């Protein structure tokens, strides 16, 4: 879970709860059997829970048998009803609990009748985590039953369920217990129906030690009593109707560090007592964002339940970025605490971004909840959408409308562009592995991008009207996608919003995007003599250009032209439902056209050679900003991806990208950094050509460097400072000498006591260590150890791997796995990534370290799989691959599943070498010729046939449809080879 290792790590990972699964892992998960046996039967349903917990930390009270340190006792009472007749077994969840007693009763008159079947033992049945309860008589419809159980569990350290953490304040080391229940870990705290569809109300009681602060939970404390054993018992107000995964409680010595002191709209920030005013920014933004969501949805937050308040808490060890527990939002410290002097702009916007995401969940996820995780996008897609566009209304300075494209949409497209990608709605999600895998970039970022596209299709007002209808209709309930589609269709009908698109409904349109994986490449061929523009859609695949699973989408079409440029009107001119479409441009002669204005749709665009030449000419002109910044960003990203797949040669791609020499805007450069980083990785084994490529990149940075400079200036805008942070990190990495000199000098000044502006520290730290000594690293590491600001510690941790000193690298690696708490468990992954990937020379050094420390790494991380995968996928020579393979073979019996991980990583490294061998000539031709203006004369403006470098074997078998399938049909016939060749041949040049 990384925060700032280059731009790619900025893009969309941090707001997920739990941590999203990388798309590469999805391919492995998708091969697993999705076992519906993991789902609870729906024969009974809960109405209300009363839960009492008593946690024990490092001291066990005398006189209580069987207790161990870091454990808890619990009692739960669950009121349930059968949903059908003749139910003899109740099934709910439990995991890692010892059931001490359990009985099922019902009230008859003034007494309770026990119907628990005799002769049964109550255990948490694995792997399903089921607690089965047989009854002596069948349950009767319309009768309420009561399950009462006592149990015992352990406060684990794995950051799941009810777990323990610690921190250091003025008094020393403090223990605490907190929770993370999503997606299925409430069952580790108490027996329950641990699926989102089983909503109920909850009364929570916590019996804490007297010297702890008052317990924090979803609701305010209703009653406090002192028990005979001296403990304090705190009972909270009843929750709204909610799912188990949204419950939370914190037993700690926390204090309120920021408070709005508004009894009508209470909002507080909780944290350890030595963080000062670091909660003020999250409080300020939280209040504004909560009010903005209330206005957006027309549903006031504080009226959702009686006594509802809003609290946010900073957790030292937290597996997720943040969690949307109703009334108690929990965060990693680095993602909620902010120091204006010492936290950089990345964290300023990150705090706002994540607070917005979690607050949006109060409506999308809490008030209305996805019925099951197969439609998680109903929760997370809306929250990701809101965290950008709602935050943009509250604080426009943060630039979220611009940043959504490179940070979310383009990242989602990358993840969505492999054949193993999953659909937003995936009915095969049942088992825990599949559920965890569905917390993915596709679910979050693609979900948000499709919602953004839908808003442009309907208009803002109609879209909001539909969302309000959806929320009102499903409040305190669960939802399926058709509930959303129906509400949006009703709003569209009321506003006549789809009248221009004959036969289009939101239901039919949205299903092509939610039930189908992938997205289209829209290939545009312009006949400049006649003005006819031919559009062809086909599913995009990033490695070959052609998916093995063709499909059709309902594509909202927007476009503009040079003679009358209009990038502001994002209402689609038509919705393309078939394989092809012809549009009359309305003019004749050469002029550029650009489709998908401001990237308002979720699709890529390729053009014929002449049109690409005209676009390139426009981008290199003084009037390039006539083309919207987001469209320029789209062009950069599309060109990189078209070239990667082989649909476009790198010679042509670099010809187009040569315009970056004149570009200085934020979004195009973030797209360029991402694209260049992918290519640089594949040049890493070839020092001479890598140097040439890096020199080309440095040459392209003239305009952006001239605007940004290497130092922060007084009065600079937020977006300028943020862009400088990203651009300088990138340019120092590719060897820009002025950047390196500035970084080294600032690092030296810092060692001598000078202050470095927070927005410069990531690249200054990294550059200073990369070109520094062991003494520099030791000074840096000692400063890291004593640093108390959590997000500054993360910045330093992720720069530490930039050292090229071998002894310093080993010191860093040993610190990660030493168990001495210098690196917290939640930061192990990002720290290892920094150590292995920040310098190519570190890869084999890290491998040598791994081979000598397998046992210690396994004790700390659970296995060597993660670091081994990172190492083996970055090998640069056949000699390195042979060395690693030899070690894998020799240790196959002891490293288990990590063996296959290593073999697959070597295959990735070998594929990188082969890719370079296959494509290097295209780069060399551009290095030789430089930019070429290849627009043909007006006399030959018909799009010329393009050469192709893709052989027919690239394509799937021909499947010729007997009849034309209906748009949106689940049985869309595969495109023929001829159609695909036409699509790809538009711009495949040697």
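Cβ from N, Cα, C; glycine included.
What Swiss-Prot lists as signal peptide is 1-15.
Sequence-distant neighbours of residue 295 (N-linked glycosylation site) (same chain, 6+ apart, CB under 8 A from its CB) do not exist here. For the recorded site, residue 295 (N-linked glycosylation site), the DSSP three-state label reads helix. According to Swiss-Prot, the N-linked glycosylation site annotation covers 295 (among others).
Every protein chain considered, the tally of other Cβ atoms within 10 Å of the Cβ of residue 325 (substrate binding site) stands at 28. According to DSSP, residue 325 (substrate binding site) sits in a coil region rather than a helix or strand. Swiss-Prot lists 321, 322, 323, 324, 325 with the feature substrate binding site.
Marked as Zn(2+) binding site by Swiss-Prot: 357, 361, 380.
Neighbour density for residue 358 (active site, proton acceptor): within 10 A of its CB lie 27 other CB atoms from the protein chains shown. According to Swiss-Prot, the active site, proton acceptor annotation covers 358.
According to Swiss-Prot, the feature site 'Transition state stabilizer' maps to 444. Taking the Cβ of residue 444 (site 'Transition state stabilizer') as centre and 10 Å as the limit, one finds 29 other Cβ atoms among all the protein chains shown. Residue 444 (site 'Transition state stabilizer') falls within a helix when secondary structure is assigned with DSSP.
Annotation comment: Swiss-Prot describes 609 (among others) as N-linked glycosylation site, evidence class sequence analysis.
The N-linked glycosylation site annotation in Swiss-Prot covers 623 (among others). Secondary structure at residue 623 (N-linked glycosylation site), taken from DSSP and collapsed to helix, strand or coil, is coil.
The N-linked glycosylation site annotation in Swiss-Prot covers 752 (among others). When other Cβ atoms within 10 Å of the Cβ of residue 752 (N-linked glycosylation site) are tallied across all protein chains shown, the result is 7.
Here Swiss-Prot flags 968 as GPI-anchor amidated glycine.
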Which same-chain residues, if any, lie at least 6 apart from residue 361 (Zn(2+) binding site) yet have Cβ under 8 Å of it: 324, 379, 383
Subset of recorded positions (322, 323, 325, 358, 380, 623) lying within 10 A of residue 444 (site 'Transition state stabilizer'), CA to CA, in sequence order: 380
Residue 380 (Zn(2+) binding site), number of other Cβ atoms within 10 Å: 29
Which of 323, 324, 609, 623, all recorded positions, has a Cβ with the fewest other Cβ atoms inside 10 Å: 623
By Cα-Cα distance, the member of recorded positions 321, 325, 357, 358, 752 nearest residue 623 (N-linked glycosylation site): 357
Cα-Cα distance linking residue 358 (active site, proton acceptor) and residue 322 (substrate binding site), given in Å to the nearest integer: 7
C-beta crowding around residue 321 (substrate binding site), within 10 angstroms: 26
Residue 752 (N-linked glycosylation site) and residue 380 (Zn(2+) binding site), Cα-Cα, nearest whole angstrom: 46
Cα-Cα distance linking residue 358 (active site, proton acceptor) and residue 321 (substrate binding site), given in Å to the nearest integer: 10
Candidate recorded positions 323, 325, 357, 358, pick with smallest Cα gap to residue 609 (N-linked glycosylation site): 357
By Cα-Cα distance, the member of recorded positions 323, 325, 752 nearest residue 357 (Zn(2+) binding site): 323
